[in-house]
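**Student:** Sharing a structure, written as C-alpha cells. Questions coming.
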Amino acid sequence: MKILTGNDLASGDVIWWAGDGWSRQVSDAVDVGTHGDDLARAEEAALRVVGAYVIDATLGEDGVRPAHIKDRIRAFGPTVRPDLIEQPTEADIGKWVI
Amino acid sequence: MYRYDSYDQAIVDARVEEFRDQTQRRLTGALTEDQFKPLRLMNGLYLQLHAYMLRVAIPYGTLSGKQMRKLGEIAGKYDKGYGHFTTRQNLQYNWIKLADAPDILAELATVEMHAIQTSGNCIRNISSDQYAGVSADEVADPRPWAELLRQWSSFHPEFTYLPRKFKICVIASDDDRAAMRLHDIGLKLVERDGVVGAEVYAGGGMGRTPMVAPLIRDFVAEDEIISYLEACLRVYNRYGRRDNKYKARIKILVHEIGVEEYKRQVEDEFAHMRELGLNPPVEELARIRAFFAAPAYESGLSDEIDRSNRAFALWVDRQVAAHKAPGYAIVNISLKPIDGIPGDASAEQIGLVADLAEAYSFDELRVTHAQNLVLPHVKKADLFAVWQKLVAAGLAEANLDLITDIIACPGLDYCALANARSIPLAQKIAARFAAAERQAEIGELKLKISGCINACGHHHAGHIGILGVDRRGVENFQLLLGGSGAEDASLGQITGPGFSEDGVVDAIEKVTDIYLAERESGERFLDTYRRIGMKPFKEAIYG
C-alpha cells in the first residue's frame, strides 16, 4: 500500500494521512493509491502539513508498517528514548521498528 | 568572556523580530515552504525526522553560567527536557514547534545568544580549543581571534552565499584538541621573533571526501589575518564549484587546482586586499582582547588534592587537566555515561553545570567538539565539592578519551539525512567495555560514529571510526582504523566489508584484543596501529 506522511506545519509533529484528515498514529494511515502526490500538494497548500511525501507500507497483523526503517522510526520516535515514543505500552514495539 | 555592545545586541534583536515576522507569514500562508526554508535555516531551524530542530550557536564553545542556565530553561520550557551538544560545540533542541521558534530566539537574545551561522552556505560558528586561555602550552588565547572572526564573518555580504558551508577553527597550542586541520580553514597561533601570528591551513574537512588541510601560509600577522582570510574566501567563492554540491567544499577546489596554485591565487588576492585597508583597527583588537583577560585567580593556593576517596581520585586522574595558574585545575565533565546518549544533557543537568560554573569556575564553561563540557577554572581545593555535585547529577563518569567516551552523531534516531542509528551502537559498545579496569587497560582510544557519510560524528578522525550505511533498507556499519583529529591528524582506513550492529561490536573487541597483544610500552592504540598496520587487525576481524 501507499501511505502519505509529513510533518504538521505548526508543531512539526510527524503525521499520517487518515482519509479524512491527519493522525499522529501510523496505525490510522490509509492507502492513498495513486492520489498521494495530489493530496500532498493540496494539504501543503492548506497549511496543514509540510514536507509531505508518499511511502510504501504493508498492512499486516501488526497494522500499518512503513517499508523503510527511517519511516518506522518516524512513526515510533527515537528508539533510544522509550519515554518519548508514541506507543510506550506495546512491549514488542522495538521489534516492529527494526 | 566577550560581552555584546549596543551594536551586537541591536543586530541580534532585529534578527529575532525579522524572523518572528517571517514565521508569522509562513503560518498564515504568505510564504511557501520553498520561500521560508532558506529563511528558517539562516536562523538555525531545520525540519528533522520527528520535528523542527533548532541549532543554537555557542561561539568557540564558550558560555557563561547565565547563558547555560538559559539553555536549560529553554530545554524544559519548549523542548522535551533535554538538549544535545554537538561536535561543532553547539547545542541542538530536537522537538521545537515552529510557532515557538521566535520566542526561543528572543529568550536567547536576552543572554547574548542566537542561532545565526548554524546553517546555510555561510561561514559557520567559529570553533576553538576548549582549553583556550587556561592551557599552559598555548602561545596566546585563541578566543580573541575567534571573536574577531565571528564579528567579521557575521552577515558578511560577500560570504553569505558561498558555494557551500565554511568552517573555521582557531587553536594556539601544539596539542590540537579541536580537530583544526579537519576544517575548511584552520588557524594555529604561533610566535615568530616575538610576534604572534597564525599558521594557516586550508582545504580540510570530513564528509564524503575527507581531507587533512595542508599548510598554505607559515605566518600571517594578527593585524592582517582578516585581509588574508578575505583573500582565501574570495578565491574559493570565485572558483568553488556550484554545479555539484558534493564537490563544492573548498577542499575539492584546493585538491583539484593543487595546493601551490591555490596558494598563488590567494597571495595575488592578498596583495590586492592589502591595498584596500580592510584590516580592523588595532584598537578593536585590543578592545576584544580585554574581554578575555584572565580572571582574578587567588594566589598562594595549594596544589595538593586529598585523594583519600578512591572514586574521587580515579575521576581526578581521568577528568582533571593541568591549569596554567597554580592551585587551579581544568575539569572535564563527561556527557558519556555508559547507558546514556553521547552529548545529551537534561534541563536539570544543564542548570546544575550553570550553577557550578558560577560557583566554582569564574562564571565560565566550555563545550568540546567531543560532546563534553569543561569548567575551565576550578580551585583544586574545590574539586571534591564539584565532584560530589556531579556524582549526584549523573555527570561524574571518568572516561575522558577512553573507549566509552564515544562521539556519536544523532543518527537515524533523529536525523533526516542519516542511514543508520549511531546512538544505540554507541550504547552497545559502551556496555561491552563498561568495566573501568578494562577501559584503563586499553587507555586512550577515540571512537567516533557517524550515521551517514556526512560525518557529523567525525568517523574519519576516530582511532576507531564507524560509518553507518543503508544496505537495502538494513543498517550496516563500516569499520575504520587509524584516524586522528589531533596534532597527528590522519584519516581512518576502512577494514573491509561492513557488519551488523552486534557484529561491529564484536569486531571492535577483536581489534582491541590485537592491540593489547601487540602493543609496546607506552603505545596508545593509534601508535600500535601505525606501527603494525592494518593487516593483523583485518586477520583478526575477518579470519
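Every residue gets a Cβ built from N, Cα and C, even glycine.
Got these off TrEMBL a minute ago, pasting:
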| type | residues | note |
| --- | --- | --- |
| DOMAIN | B:52-109 | domain 'Nitrite/Sulfite reductase ferredoxin-like' |
| DOMAIN | B:119-272 | domain 'Nitrite/sulphite reductase 4Fe-4S' |
| DOMAIN | B:342-392 | domain 'Nitrite/Sulfite reductase ferredoxin-like' |
| DOMAIN | B:403-541 | domain 'Nitrite/sulphite reductase 4Fe-4S' |
**Student:** At a threshold of under 8 Å on Cβ distances, which of B:52-109, B:119-272, B:342-392 pairs most often with the domain 'Nitrite/sulphite reductase 4Fe-4S' (B:403-541)?
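**Tutor:** Going through each listed stretch, the top one turns out to be B:119-272.
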**Student:** Can you count helix, strand and coil residues in the domain 'Nitrite/Sulfite reductase ferredoxin-like' (B:52-109) using DSSP?
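**Tutor:** Split by secondary structure, the domain 'Nitrite/Sulfite reductase ferredoxin-like' (B:52-109) comes out as 29 helix, 17 strand, 12 coil.
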**Student:** Across the whole of the domain 'Nitrite/sulphite reductase 4Fe-4S' (B:403-541), what does the mean pLDDT come to? Round it, please.
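**Tutor:** Within the domain 'Nitrite/sulphite reductase 4Fe-4S' (B:403-541), the model's average pLDDT equals 98.
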**Student:** Residue counts in helix (H, G, I), strand (E, B) and coil for the domain 'Nitrite/Sulfite reductase ferredoxin-like' (B:342-392), per DSSP?
**Tutor:** 27 helix, 13 strand, 11 coil
